[in-house]
Amino acid sequence: MEADINLSESMEDYLEAIYNLIKENGSARVTDIANHLKIAASSVNQGLKKLNQEGLISQEKYGPIKLTESGLKAAEKVRCKHRMLYLFLHKTLGVSQESADHDACRIEHALSEESFSKMVDYLIKNNYIEEQNCAFKMKAEKEEPKMAAEQLMLDKIKVGSKAEVVKIESKGRLKRKLMDMGLNKGAKVEVKGRAPMGDPIEIKVRGYSLSLRQDEAAEILVKEV
Amino acid sequence: MALNKTKRKNNELKVALAGNPNSGKTTMFNELTGSRQHVGNWPGVTVEKKTGRDSYQNYSLEVIDLPGTYSLGAYSEDEVVARDFLTTGDYDVVLNIINSSNLDRNLYFTVQLLEMGVDLIAVLNMADEAEKKGIKIDKEKIGQLLGTPVVETVASKGRGIDSLLAETVQHRDLSEAALKIDYGSEVEDLISEVVSMLKEFDFTSQINQRWAAVKLIEHDPEAVKLLEREVGVSKAKKIKSLIAERELKAEDDFDNIIIDKKYEFINKVISESVQRPAADQEPENVSDKIDAIVTNKYLGIPIFMAVMWGIFKFTFTLGDPLIGYIEAFFEAAGGWLGGLLVGAGISPLITSFITDGIIGGVGSVLVFIPNIFLLFLAIGILEDSGYMSRAAYVMDKVMSKLGLHGKSFIPMIVGFGCNVPGVMATRTLDSKRDRIISILINPLMSCSARLPVYVVFAGALFPNHASTVVFSLYALGIVMAVIMAGIFNKILFKGERSHFVMELPPYRFPTLKGVFIHMWEKVGAFIKKAGTIIFAVVVLIWVLANLPLGVEYASAQSLIGQFGQLMAPIFEPLGFGNWQAASSLVFGILAKEVVVGTLGVVYAAGEGGLRAALTANFSPLAAYSFLTMVLLYTPCIATLGAIKSETQSWKWPIITASYLFVLAWLVSFVIYQGGMLLGIGV
């Protein structure tokens, strides 16, 4: 579905900047984005407004900017294109690392779906990329929408059911905290119960009980087992 | 590999206890050091620093109990303290206390320490619990796989302590290499490149370079800061951009890969050394059964309410008679000593200084002790039994609606008894934001010292509605607390996200020793810290009440009385612009119940006469406005002292004192002027 959204070049830059900032600092603010992209805060605000209309980001009043699920997908896609282009330029054509990175940055916005997909096929065929690479994930999602459907967020798991962690989608400190508590890829969890008012929830992971708020559980992708 | 290791005598050892929360670390500390403990604070923070001494054979051991932590990626103040000590502190050996029945998560921390190259003994504690669960651990095998000595203990029963001490004083060969986990070719290549860059840049050789490289690759902010400090920003940037560039091409984010590989390693260690019963043969889990009741959809909240009511009853029903004794004792002591001094021909001024000032002042501090003692006894039992985290779990939804955290309810409940332990109880909150907001609104919980003021006024001016008036004041305090929490949440800490990722530890029977040591620490800290501040202010107020020389104690001519006259116009729009009311409020900052006493003195009336004096001087509306002021205005010195010592800064007590005064004035103004307009109670 992310392919339906036609993003302009600067919108993609914003998304990438937000993604990187959240990853590095755990949050993205207007001033950070402005510094990151070296542009005025007022134009960032305009851009954010547009992203908000597209449903790619959400921002509470005065709060930090968050990527929505489709925003995250779009940002990951831009990043993936960047990686693929870099690999293509550097590994197959022998362009220097620096130029490859710089050029990838410019080309990524203009690359069509078709060229992207063909380029990925070429890279895969010639063993330039390993499995689990982002390109594989994107292909898999496109070809097997059923597979993706079985995966859901931890807050949707019924009490008494078991699941396996696929991915932590939180960013920054919360992500580290969750992983430090043992919620990493492959960890088996069981939802033990909910607090009287439905939130937070109690789960069993690695042999002990852990509590999480609903919105924290909503950032943990799991598959039912 | 401690960085700042100072030279010690051969037979002196500095031993650090580190491990996950709920691994029995504190029990181990108590077992090792007994009563030879010293509790202070880590420099610059309110995190408790507990040290103690022990001896074994001819060795003398200094034991340091580090705050419990799940990993070296530090989140709360506690964890930062533990991490900083472990990475740069002055110690010889770490006893890593491990909960044997929860090896997966506990070993995650152990592995991090071992990678750092720490001289470490893995202490498999709670071995009996693991046995009960049918978990069999081959400790030789674990030791071999981790490359570190392993000892089995049951700290709560004193089992295995001797062999632990014997192992502690062994001299181990520190040149032995730190644990190396294989992070896969992609990361390993990068590690060796970063290590060679670190060498080239002359990065401190006192830190294990591989460990530093791994930390940098997983974007650890502290490691980046250290690097920038050590080699300068521009060289640090070279390393950072190398890592960023590689990550762009990597199959996954590096921090994901590194954490996954750590768990992979731990799983391998466990599968080779631990036997667990098959899932269907696992003995039934008592904790889960208790949880099914305690956090039940219908029973959870009533049980919580009952427990809170129980604590409240326990603390104040048992405590109040004791307070009576303490008060009576100090009164008698003051009277007796006063008589003695006057008899010996000591000047009345000095006599008054000793009796009113010093004895009265010390007494005003010590009256809080029975309540604090009992309260922390109750809190200790709740904490050690494991109920505390369930209570936070049950209440989190309501509290987070108010912009607070599930754990904030304890300080609020406690505040109804006394704000001093209320403020102290905010220590259970991890995030600074939650903690400061809980502290700021705590004085709005109407403490028991304000009750005598309500009772006297309600009895005099609202004889038929006394209980309604008192209840309305408590309710007003809660409403204000909710409103202020919302406001502070908006203006003080914009958008900071707190989380509720919290372990719910298994239920346990608290040990008497543990609870008593816990309680004693809290009470001792209160006497020491708050005591000094309160004492100083009490003396200051006594001086002001006696100056200029020769005036009657606390009369209109004394500095306090003059101050009251000066302040009186401020209270004019609130309906009580007389110097007596103003002075009583000034004295009320000493302790809220003093308001009644002061009014008695300044109206020169006894208890019975005071009612008449109040009826003559206050309209019902003015009285209600005055009570609102007493409820909301600047908290007592003891509370402000506690806020100062808990926040380690003068900023927060000053903010609390001033915002509450302004709030009290505004609300009283609205009540009085609104009442006047409507013609109620005039």
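Note that Cβ sites are derived from N, Cα and C of the backbone, with glycine treated the same way.
According to TrEMBL:
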- B:19-26, B:44-48, B:65-68, B:125-128: GTP binding site (BINDING)
- B:N30, B:T33, B:G34: Mg(2+) binding site (BINDING)
- B:12-174: domain 'FeoB-type G' (DOMAIN)
- B:298-316: transmembrane segment (TRANSMEM)
- B:322-346: transmembrane segment (TRANSMEM)
- B:358-382: transmembrane segment (TRANSMEM)
- B:402-424: transmembrane segment (TRANSMEM)
- B:436-462: transmembrane segment (TRANSMEM)
- B:468-488: transmembrane segment (TRANSMEM)
- B:526-545: transmembrane segment (TRANSMEM)
- B:621-640: transmembrane segment (TRANSMEM)
- B:652-672: transmembrane segment (TRANSMEM)
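Mean pLDDT, taken over the domain 'FeoB-type G' (B:12-174), works out to 86 on the 0 to 100 scale.
Checked against B:P67 (GTP binding site), the binding-site residues B:N30, B:T33, B:G34 differ in C-alpha distance, with B:N30 being the nearest. Counting Cβ pairs under 8 Å to the transmembrane segment (B:652-672), the stretch among B:298-316, B:402-424, B:468-488 with the most such contacts is B:468-488.
B:G19 (GTP binding site) falls within a strand when secondary structure is assigned with DSSP. Remark: B:G34 (Mg(2+) binding site) has B:G52, B:D54 as non-local neighbours, by Cβ distance under 8 Å and separation of at least 6 in sequence. Cα of B:K25 (GTP binding site) to Cα of B:T33 (Mg(2+) binding site): a distance of 12 Å. Using a cut-off of 8 Å between Cβ atoms, the transmembrane segment (B:436-462) and the transmembrane segment (B:322-346) share fewer than three residue pairs, counting only pairs 6 or more apart in sequence. Remote same-chain partners of the transmembrane segment (B:298-316), defined as residues 6 or more beyond its termini with a Cβ less than 8 Å from a stretch Cβ, comprise 371, 374-375, 378-379, 382, 387, 391, 394-395, 409, 413, 416-417, 448. Under 8 Å from some Cβ of the transmembrane segment (B:322-346) lie the Cβ atoms of residues 354-356, 359-360, 362-363, 366-367, 369-371, all in the same chain and six or more residues away from its ends.
Secondary structure at B:N30 (Mg(2+) binding site), as computed by DSSP, is helix.
Cβ neighbours of B:N22 (GTP binding site) (same chain, under 8 Å, six or more residues apart in sequence): B:G68, B:N99, B:E503, B:P505, B:P506.
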